[in-house]
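S.K.: As listed in TrEMBL for this protein:
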type	residues	note
BINDING	Gly162, Arg163, Ser164, Thr228	NADP(+) binding site
DOMAIN	6-117	domain 'Tetrahydrofolate dehydrogenase/cyclohydrolase catalytic'
DOMAIN	136-275	domain 'Tetrahydrofolate dehydrogenase/cyclohydrolase NAD(P)-binding'
Amino acid sequence: MDTVSLTGKDLAAAINADSKARAAAFAVAPRLALIVANADPASAWYVNSLRKAAERLGIACDTVDLGADASVETLRAELAARSADPAVDAIMLQTPLPAGVTLDDVSSSIAAPKDVDGVSPLSLGLLATGLPGFVPATAEAVIELLKHHEIPLVGKHVAVVGRSNIVGKPLAQLLLAADATVTVCHSRTPDLAAVTATAEIVVAAAGRAGLITGKHIAESATVIDVGTNESADGGIVGDVDADSVRGRAAALSPVPGGVGPVTTALLMRHVVDAAGNR
Ligand code: NAD
């Protein structure tokens, strides 16, 4: 079987074109505050790519580096100050956080109308109850990528591999809202392949290179690879062993070039949406 590549580049370009036009309509450009508290090179690379993406769309972007030893109190105070600052439309807290600090310790200090990556308990609660609010961009990107490639979700069995608060759990909520039947697998699922091989759609979001192989996939399944793992040569690889899945799956999203560009485009769309909340 030929495995179709579910690329995200065209979709991202269309979302970006729309965001750029909408951003230009504001008298004062939409403004994103990117809060960083780590010395991680992969994070620095990502922050730089977000800055460039924002600039291309006419979105102002302030990077606030609090240092890798910032305390919970410092982070909370910064997030609260930016939440109260009328010049800031949107706030994104970059991970990883300093040792000993979790997202749960600080995310409630981000005001929901500015929480463009949907990480606060309020945003996640709104999503779980089906009320309007910002949704984590990566989870939303999976849904948008499937829609763009006209892969139906109603009544389909989707296995999500990963249960983090920023990817697996919100994705499960979005899939339920789209009328899919959802199974969430995680690190304590005893026989992963036995579950995923019964699904029509498998979404891999575990952060483990090569975790999903041909034996994890039903013939003709659709596979979405959310994983971004550093490869030995310094590049990026997903959670799916593409060589072993290709020829068996009907469709597979590439890494890079699948979920990633759509995630960035949706984040920027959320920033423009947040500016609309002024
Ligand atoms: P995380 O480490 O917070 O969570 C990983 C989840 O995977 C956990 O729930 C864990 O139970 C599960 N897991 C780990 N090993 C497993 C195994 N062997 N079998 C089954 N489940 C297992 O990670 P995260 O923040 O949710 O991110 C997941 C992946 O998605 C990472 O590779 C991350 O880099 C990537 N990511 C990509 C984008 C993007 O835009 N493409 C955005 C965010 C995250």
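Including glycine, each Cβ sits where the backbone N, Cα and C put it.
Annotations in TrEMBL come from automatic prediction, not curation.
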S.K.: Around Arg163 (NADP(+) binding site), which residues of its chain at least 6 apart sit with Cβ under 8 Å of its Cβ?
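M.R.: Set apart from Arg163 (NADP(+) binding site) by at least 6 residues yet with Cβ under 8 Å, we have Lys169, Ala172, Val184, Cys185, His186.
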S.K.: Judged by the number of other CB atoms within 10 angstroms, which among Ser164, Thr228 is the least packed of the binding-site residues?
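M.R.: Result for the binding-site residues Ser164, Thr228: minimum number of other Cβ atoms within 10 Å at Ser164.
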S.K.: Can you tell me how many other Cβ atoms are located within 10 Å of the Cβ belonging to Gly162 (NADP(+) binding site)?
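M.R.: Gly162 (NADP(+) binding site) is surrounded by 24 other Cβ atoms within 10 Å.
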S.K.: Taking all residues of the domain 'Tetrahydrofolate dehydrogenase/cyclohydrolase catalytic' (6-117) together, what is their mean pLDDT?
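M.R.: Mean pLDDT for the domain 'Tetrahydrofolate dehydrogenase/cyclohydrolase catalytic' (6-117): 97.
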S.K.: Taking DSSP states H, G and I as helix and E and B as strand, how many residues of the domain 'Tetrahydrofolate dehydrogenase/cyclohydrolase NAD(P)-binding' (136-275) are helix, strand and coil?
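M.R.: The domain 'Tetrahydrofolate dehydrogenase/cyclohydrolase NAD(P)-binding' (136-275) comes out at 51 helix, 26 strand, 63 coil.
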